[in-house]
Amino acid sequence: MSIDQSKIRNFCIIAHIDHGKSTLADRIIEKTGTLTSREMQAQVLDNMDLERERGITIKSQAVRIIYTAKDGEEYIFNLIDTPGHVDFNYEVSRSLAACDGAILVVDAAQGVEAQTLANVYLALDHDLDVFPVINKVDLPSARPDEVAQEIEDVIGIEAMDAPRISAKTGLNIEDVLEQIVKKIPAPTGDKDAPLKALIFDATYDSYKGVIIFCRLREGSVKVGDTIKMMATGASDVVTEVGYFGAGQFIPCDELSAGMVGYIAASIKNVRDTRVGDTVTLVDRPCDEALPGYKKVNPMVYCGLYPADSAKYPDLRDALEKLQVNDASLQFEPETSLALGFGFRCGFLGLLHLEIIQERLEREFDLDLVTTAPSVIYKIHKTSGEVIDLTNPSNMPDPSEIEYMEEPYVSAEIMVTSDYVGAIMKLCQERRGVYISMEYIEKTRALIKYDLPLNEIIYDFFDALKSRSRGYASFDYEMKDYERSELVKLDILINKEMVDALSFIVFKESAYERGRKMCEKLKGEIPRHLFEIPIQAAVGGKIIARETVKALRKDVLAKCYGGDISRKKKLLEKQKEGKKRMRQVGNVEIPQEAFMSVLKLDEE
């Protein structure tokens, strides 16, 4: 089955969160008859339950669509739906590497937002042809002409003849399909050259092993060929090749240059396949690997522990399987005195952490305890050594530290002019450094700040949305490290330090954070038969304390009247028992207590 390259279009849809990417993908699939109306459902390409529930796209998904254009020719579209959240930026860049062009969806009511810009720049970095589409024109608040002007002014791409569509009702979807044929270039690549294919994703199937999703740049591959991964050197015999139907794999005879498809080769070892690697043939390898993706570095680290320590091997297995499908997840084993064996995992942001945690609990049926997230600090020791600190409990003694540095990000916040003051105040509270502010149009401003990553990973996004009544949008990228006054805040429960609750704070906010933390824990830890002191300490000095009062049994219930000394004796005996119990008693700390660190600023 030979396919004419000039009839293939590989493209993806990029947009800010909630501007209608997945809905547009649904309409394109429906209009081209890829699925029957019975099989159609909202968010067709979001096939994880989690994605449907939250209404967001987490994984990029690919689908092949056949479209008969107005010129009577049949075209093959390979559409890749991408996520919009900052946390899944790497998913977007992987999808872009498999495409030749991109559709930029902009909401006719909201206009250009922070992540619209970020995603467009990503697409332009990959040399893709981008054309805009203005969505949601059926909304009463839609202002398509102003938005088209805004796209031209802010992003600098031609938008006056952009299709005005409503992905929800299906208005003008044909215009988009025709634009895809006209504006997105056909792929290039020699079918007879040695195989060169880029892995842009992978998934694990318990029957077929690891299935790799790839874009063929050159050459062709069919069943029976022996393929080799260029980065890991692993080789396997191909058992199946094919392309993506909506929600299913469709086998075919061979894949050739310009096509997007999957290869199954009974790859059992999860570590053999790396996203961004190049696949070639063993007997006819290509000269050099394709440039992969820039390696993504985790921004946030946290500990994941199985609630039942016997499940530790299951957790490792589950993390390895998720890593096939999610290249940015990193993990290494660690132990905690309070929680036993677990893993220190690196994530791209808090949403990423939450999603991974939920996927582990749902897909692998694990019960997890998560510790508070922390960023990577650089510690300059007096000996001249520089170490990276991902876990606060590994912080060296203060006497060995010359100074510490923390990561900063460059943040761009787009907000309507009514809320500029509130947003600037929020950034100042979070130790932000003001960079610039410009008005994009009369009512909207773009504010730039440098902020410590430590201040934004917890609840900055929620605070931003609540202070701007949902009007602000936010995008950030890593800048570099800057020197800062930081201290480690330890939490002692019943006079014992709980390593999993330690975290690093800015020196001036240590007292405030410590006090809030103790109050919060007091509400989370259940009462025991003995009094439990909860203390916050910085370097051995207690800076805050709360007490969980003891439950007491009424030992005087059996005394009717009688001598006071009898009652005293019973009360003294109870007091003695409580004292002894406090020395040997264990305090049960619920999972909510570990997570309460995150929600300190919400009150």
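Cβ atoms here come from the backbone N, Cα and C positions, even for glycine.
The domain 'tr-type G' annotation in Swiss-Prot covers 6-188. Sequence annotations record features per position, and here Swiss-Prot assigns GTP binding site to ASP18, HIS19, GLY20, LYS21, SER22, THR23, ASN135, LYS136, VAL137, ASP138 based on sequence analysis.
Fewest other C-beta atoms within 10 angstroms, among the binding-site residues SER22, ASN135, are seen around SER22. Listed in sequence order, ALA108, PRO144, ARG164, ILE165, SER166, LEU171 are the same-chain residues six or more apart from VAL137 (GTP binding site) with CB atoms under 8 A from its CB. The Cβ of ASP18 (GTP binding site) has 16 other Cβ atoms within 10 Å, all protein chains considered.
Residues listed for GTP, ASP18, HIS19, GLY20, LYS21, SER22, THR23, ASN135, LYS136, VAL137, ASP138, cover a largest CA to CA span of 17 Å. Mean model confidence for the domain 'tr-type G' (6-188) is a pLDDT of 75.
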